[in-house]
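What follows is a set of notes on a single structure, which appears directly below.
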Amino acid sequence: MTIRVGINGFGRIGRNYFRALLEQGADIEIVAVNDLGDTATTAHLLKYDTILGRLKAEVTHTADTITVDGKTIKVFSERNPADIPWGELNVDIVIESTGIFTKKADAEKHIAGGAKKVLISAPASDEDITIVLGVNEDKYDPAKHNVISNASCTTNCVAPMAKVLDENFGIVKGLMTTIHAYTNDQRILDFPHKDLRRARAAAENIIPTTTGAAKATALVLPQLKGKMDGISMRVPVPTGSATDLVVEVSREVTKDEVNAAFKKAAEGELQGYLSYTEDPIVSSDIVGDPSSCTFDSAMTMVMEGTSVKILGWYDNEWGYSNRLVDLTVFVGNQL
């Protein structure tokens, strides 16, 4: 069954999602997009992308549509999600990727408008469930979970790392630092922002800021509640990030044991989500990688047997958008 999808918010994640489903060949039809920009801009930014390059498709537009390789997509410009006529278009799933309507009460407006499910491309509030594929999708109940969060790109990276460590060695506590590409929430040049660090020029500074990714890991691995925390360091790259995770484990381990556990997981139950490399890679090497996390085995450290430091890379846009496509298929196949 082809899954009929509407996208609310055609920014970085909305457009990456569109490209990812085309590349995957997923059985998903985008029937409508809602975005406050005009269609000329929407079409142009879909066709041309600084990071991903030019879309290998013909893209045209009218006042209220964009057409990609002959497939016409309706474009709305509604500020209130309740005003988007998803029901008239028989939309199954809405991708809520504005970054604004992350509360359940707001996201549910899409369901009031006729959609069956809403997938939020961000951490959410009061959502029915947060899912990180490869970690907790077995908890999904289609009968009662209608507003679903895909968590954050960083949680999608750190949760598989934490899962492997906890299942194999037991996590006592942990601290995480994500070395994260800058995003549209930052400033190109110094300009006011509620976070005074993010008010500083993104391409000229290493910027410490907050992240809820470590704590959010407990949403998908409840046994880790209260055991993990972390910070983010925003760095001057447009995409390509890394998570540095330091944990105390419950028994003595070696570097080889840790690496072996990750290699086994990457080739087994987490295949497609967790990748494993022994190559000396850097951030640009991860751009365009669809994995949630690429485990860098050369960077593993163990001190005094129980203190473990590991590193996982992720394309914070492309990897995350591929998981959003996968989650659409996962949820859509159970409608």
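Keep in mind that glycine also has a Cβ here, set from the backbone N, Cα and C atoms.
Note: Cys153 (active site, nucleophile) has non-local neighbours Ser241, Tyr314, Asn316, Glu317, Gly319, Tyr320, i.e. same-chain residues 6+ apart with C-beta under 8 A of its own C-beta. Positions annotated as active site, nucleophile by Swiss-Prot: Cys153.
Annotation source Swiss-Prot lists NAD(+) binding site at Arg12, Ile13, Asp35, Arg79, Ser121, Asn184, Asn316, citing similarity to another entry. Other Cβ atoms within 10 Å of the Cβ of Ile13 (NAD(+) binding site), summed over all protein chains shown, number 24.
What Swiss-Prot lists as D-glyceraldehyde 3-phosphate binding site is Ser152, Cys153, Thr154, Thr183, Arg198, Thr211, Gly212, Arg234, and the listing cites similarity to another entry. The C-beta environment of Thr154 (D-glyceraldehyde 3-phosphate binding site), restricted to residues of the same chain at least 6 apart in sequence and closer than 8 Å, consists of Thr178, His180, Thr211, Ala213, Ser232, Ser241, Thr243, Tyr314, Asn316.
Of all Cβ atoms in the protein chains displayed, 25 besides its own lie within 10 Å of the Cβ of His180 (site 'Activates thiol group during catalysis'). The annotation site 'Activates thiol group during catalysis' is assigned in Swiss-Prot to His180.
Shown in sequence order, Leu36 are the residues of the chain, 6+ apart in sequence, with a C-beta less than 8 angstroms from the C-beta of Arg79 (NAD(+) binding site). In sequence order, Arg12, Arg234, Asn316 are the residues near Thr183 (D-glyceraldehyde 3-phosphate binding site), counting only same-chain partners six or more apart with C-beta under 8 A. Of all the binding-site residues listed here (Ser121, Ser152, Asn184, Thr211, Asn316), it is Asn184 whose C-beta has the fewest other C-beta atoms within 10 angstroms. If you measure from the Cα atom of Arg198 (D-glyceraldehyde 3-phosphate binding site) to that of Asp35 (NAD(+) binding site), you get 25 Å. Largest Cα to Cα distance within the recorded D-glyceraldehyde 3-phosphate binders Ser152, Cys153, Thr154, Thr183, Arg198, Thr211, Gly212, Arg234: about 19 Å as a whole number.
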